[in-house]
Amino acid sequence: MAALKLLSSGLRLCASARGSGATWYKGCVCSFSTSAHRHTKFYTDPVEAVKDIPDGATVLVGGFGLCGIPENLIDALLKTGVKGLTAVSNNAGVDNFGLGLLLRSKQIKRMVSSYVGENAEFERQYLSGELEVELTPQGTLAERIRAGGAGVPAFYTPTGYGTLVQEGGSPIKYNKDGSVAIASKPREVREFNGQHFILEEAITGDFALVKAWKADRAGNVIFRKSARNFNLPMCKAAETTVVEVEEIVDIGAFAPEDIHIPQIYVHRLIKGEKYEKRIERLSIRKEGDGEAKSAKPGDDVRERIIKRAALEFEDGMYANLGIGIPLLASNFISPNITVHLQSENGVLGLGPYPRQHEADADLINAGKETVTILPGASFFSSDESFAMIRGGHVDLTMLGAMQVSKYGDLANWMIPGKMVKGMGGAMDLVSSAKTKVVVTMEHSAKGNAHKIMEKCTLPLTGKQCVNRIITEKAVFDVDKKKGLTLIELWEGLTVDDVQKSTGCDFAVSPKLMPMQQIAN
């Protein structure tokens, strides 16, 4: 009621001003608010912008790989020497850049991330018990941050059901002898419309360190290309959001409809002094390249899988492809069809690798490789990307595996105590019943160990989620109740040959055919 009275009073004043002959934009500038008026504070020194971050604070740090990381603010934290931080970030950069610098200086106590990746120091500190790591599916991480900024305390998601995320027991901290000192807690489970969902709690931070492209002097912000990623939801989820930009422009330089983050979310703003904008994986399409080839010329096994996987693409399909064989399969998409490639870091409409002069640090795929986009492409934030994925709007996801069970369980993210890469977006990608999940992999592991098994022995990525398995020997369809059916067999092999290298029984289709290959 008080707000309505204020509005009514203001309108009367404005009407009076207009009636008295005053010019509207000079004689009456009306501003209504039911909360305290707040302005974005501008800084010239990044250390000044972060010097009040205390020991033990929870800090949200934007970026995906090295794309869109707040370089200057991270360097400022190195100078302040703040300790015991809980850093919430999709990953931790590399050993000598990005958050990897704060790991090396032992300023981070706990990482909340989806992916360890190729940061050897991150993995070493975790496995040796020096660092606490809360591994969280990438889409769940993005949604937990989004929910925190929106005032939603918790939500249900299908991602992670039937895995250590739901069951608890995932190592957060190891003892020096390799035993588990701190383990994750189990999640509450509920069933909606016949599908299981787990309860995840929102994430908020004491501070958010965000990298954007430009800001105006009111504090409105825009991002560039795929550097939007986690930066956008993190802007909204902290008590104090500090944004660094490459350029500050005058008010009015942005059309209102082009603003990505309104000023209300931005508390502190600084123009970065310098940017290295390092590229983690520079992938170049050389001049004169002809037909696309597999990564290792002459590797018949991989090429055989790739050329079969390429037959899974259909005209008009939206697809998300994992690194390695799945992504290489996109090189063989028929020119007669259109496939829209989605990347979980916030791109729809991926194109081929760039020429040398086209490489752009702000345009990468989920494998952190430089890419291009096709006409009609779009960019969006990580939470938006996983709304597409979790919501079943992606028709096909193709990814690799360490193990697949007879009934479609998938394991591809960790070997306890030995190898931890993190689940990244994989748990989210296999969580929607509307999305076809195709696994591409070599039939056996080193030493001819089985990868297709009665039951997975490694921690699961998804439960009963795989629809099809493609190896160099065979193609299987997967039924969640009946198990495997052999539908294609590589020329020269027998069913018995495949059975000997498979760790479970399977049915044979009455329409069994030779393994198909897309034409070059």
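Using N, Cα and C of the backbone, Cβ positions are placed for all residues, glycine too.
Among Ser170, Ser334, the residue that Swiss-Prot annotates as phosphoserine is Ser170.
Looking only at Cα atoms, Glu344 (active site, 5-glutamyl coenzyme A thioester intermediate) sits nearest to Lys421 among the modified residues Lys185, Lys418, Lys421. Taking a C-beta cut-off of under 8 angstroms and a sequence separation of 6 or more, Ser170 (phosphoserine) has the following same-chain neighbours: Leu135, Leu164, Ala183, Ser184, Pro459. Under 8 Å, Cβ to Cβ, and six or more positions away along its own chain, Lys418 (N6-succinyllysine) finds Leu127. The sparsest Cβ neighbourhood within 10 Å, among the listed modified residues (Lys421, Lys455), is found at Lys455. Cα separation, Lys455 (N6-succinyllysine) to Lys421 (N6-succinyllysine), rounded: 22 Å. Around the Cβ of Lys185 (N6-succinyllysine), the same chain contributes Gly168, each under 8 angstroms and 6 or more positions distant in sequence.
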